[in-house]
Every structure is written in structure tokens, then in C-alpha cells.
Amino acid sequence: MFNLGGTSPLLRVLAVFGAEYLIFLIFTIVGLAGLLGKLEDRKALVLVILAIPFAAIFTKIIPLIISEPRPFTTFPIVPLIDRPATPSFPSLHATWTASAAFGLIFYKTRFALLLLIFMLWVGLSRIFVGVHYPLDVLGGFLVGFLAVFLAWQTKNFIGRRLT
């Protein structure tokens with residue numbers, strides 16, 4: 001999948017957009033839905049915000065334990081986007097987009113399916129452009145889910161304490 005970049009100009013554009021820029025659209029949707037949407041959308045925004053510290057901690061600690069090199073440092077490929085040769089596991093983009101998508105999924109908001117599709121687009125794009133292995137992306141999705149789950153548990157714990 002790494003060397004498919006030259007096969008189709010459209011595929012290349014979609015992959016670069018998904019790998020680099022789609023994350024901004026994802027968080028714009030989460031933010032606008034949370035600020036302008038229904039109660040579930042606002043709750044989902046709070047959940048995503050609560051998940052961010054958990055995701056940040058995990059993505060700082062895991063590379064200290066599992067230092068996986070990026071594909072372009074291991075194989076003779078030229079990535080379609082510039083990226084430093086930092087550890088690739090877990091994928092930060094996959095972690096952040098999973099945190100956003102799963103935050104909306106937990107509340108079953110109307111944007112949950114769209115964000116799930118965007119999350120998958122980002123993950124596949126990061127592999128396609130040559131900056132991540134599939135397990136980096138799956139690991140990022142798992143870390144994002146775990147961050148949202150811990151945020152959910154924290155929210156429920158605090159809610160019980162306040163009532």
C-alpha cells in the first residue's frame with residue numbers, strides 16, 4: 001500500500017488531504033456541533049475535551065516503551081508528505097481522530113457516523129502516504145477509544161460525587 005502513491009492522481013490527493021488536513025475538519029465539526037448543536041452534541045464535545053489529556057499522556061508514554069521506526073526509515077520509499085523520523089507507534093493522527101469519533105459515538109450524535117468514516121479515511125491515508133504501518137493506526141484507534149472510555153468513566157465518577 002505504501003507505493004501506490006503514483007497510481008492515481010485523485011487517490012494521491014485524497015490520501016494527502018486525509019493524512020494532513022482532514023483532522024482539522026474533524027475537530028471543527030466536533031467544536032461547531034458542540035457549540036451550536038443539541039444537548040448530546042454538547043456532551044460529546046465535553047467528552048472529547050476530557051479525553052484529550054488521556055490521549056496526550058498515552059501518546060507520550062507508549063513511544064518510550066515501543067519505539068517503532070516509521071516505514072520510510074525502514075523501507076526504500078519516499079513518503080508523500082514530510083514527516084520527521086520520530087517513532088510511529090501509535091499514530092497521533094489516528095489517536096486524535098479516534099478520540100473525536102468515539103466521543104461522538106458514545107453519545108450517538110448525528111455526526112458520529114461521519115466522524116467514524118473520516119477517522120478511517122485519516123488512518124488509511126497515513127498508511128498510504130508512507131508515514132505509518134497498519135498497526136500504528138490500529139494502535140492509535142485503540143488509544144483514542146481508551147482515552148474516551150477513561151474520560152467517560154471520569155465524567156461519571158465526578159457526576160456521582162457531585163450529586
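Quick reminder: no glycine exception, Cβ is built from N, Cα and C everywhere.
Values in this document were obtained by computation on a predicted structure and should not be read as measured data.
According to TrEMBL, the protein has these features:
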DOMAIN    45-152  domain 'Phosphatidic acid phosphatase type 2/haloperoxidase'
TRANSMEM  12-37  transmembrane segment
TRANSMEM  44-66  transmembrane segment
TRANSMEM  86-106  transmembrane segment
TRANSMEM  111-129  transmembrane segment
TRANSMEM  135-152  transmembrane segment
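Long-range contacts of the transmembrane segment (86-106) within the same chain, counting only residues at least 6 positions beyond its ends with a Cβ under 8 Å from a Cβ of the stretch, are 19, 22-23, 26-27, 30, 33, 41, 44-45, 47-48, 51-52, 55, 58-59, 62-63, 66-71, 112, 115-116, 118-119, 122-123, 126, 131-133, 135-145, 147-149, 151-152. Scored on C-beta pairs under 8 angstroms, the neighbour of the transmembrane segment (111-129) with the top count among 12-37, 44-66, 135-152 is 12-37.
Counting residue by residue with DSSP, the domain 'Phosphatidic acid phosphatase type 2/haloperoxidase' (45-152) contains 76 helix, 0 strand, 32 coil. Averaged across the domain 'Phosphatidic acid phosphatase type 2/haloperoxidase' (45-152), pLDDT for the predicted model comes to 95.
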